[in-house]
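Summarising the annotation, TrEMBL assigns transmembrane segment to 22-42, 49-68, 102-128, 140-162, 168-192, 213-235, 255-276. Annotation comment: TrEMBL describes 33-274 as domain 'G-protein coupled receptors family 1 profile'.
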């Protein structure tokens, strides 16, 4: 609130306000779509595989992001109506809880994408030993570690969000993890051809190579969408912390609501990618809809 008021006095850029109806519509669509992904994986035993469990982890992260923006807007509406104040003790705790949910969503998305990238890497370069390396039990252990770490980190960051020592590692983590995933990608695509030649003599090599390449392309789409939707908001956090009085920074922060909408759009786009790229998920969705009818 203080940054917004100061921005109006230091820049000619007016605040871009997204209608509340748009917020709630986009958030509801994101929650329902990702919930559909979870139900499909639970109902279809053929989808009880490490890859789809990692996809479910990403879907849960997207749901948390949409839920965060929904609760935030409800909180703002109640403040405008006078039912809540912006600086009360209860409101402060509620705000910290919502911030923790936002950070949990971001960290969960990053580490879920990292797990999916590692799974694709093993699938491509260790195809014959994949089921021995990435067992269902190991996948569940990895997810338990990821979400335990993300939950603890989100609580700590939310409680000490006003300290530079907390904000800096949080904002550095985002580009660092993205750089690591990008390096993993480059390594995958550079070695994919040479590895494919080594297994070319196997009867099912063509099918496996085509499937694994498709999985790598899907992951590339995930990463691109994630960067486009989350990077503007992370940049907003950096600018709000380190240059709130700069007119150019204030001008960028005037599109805060647009950046928040992009986060929720990520929750809508990801399930569409799942449905479009996965024949097994498409088949499960059709069966679910036919049964409901």
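Note: Cβ is positioned from N, Cα and C throughout, glycine not excepted.
Between the transmembrane segment (140-162) and the transmembrane segment (102-128) there are 3 or more Cβ pairs closer than 8 Å, counting only residues 6 or more apart in sequence, so the two stretches are in contact. Sequence-distant contacts of the transmembrane segment (22-42), counting only residues of its own chain at least 6 positions beyond either end whose CB sits under 8 Å from a CB of the stretch, comprise 48, 52-53, 55-56, 59-60, 62-63, 65-67, 69-70, 73, 257, 260-261, 264-268, 270-272, 274, 281, 284-285, 288.
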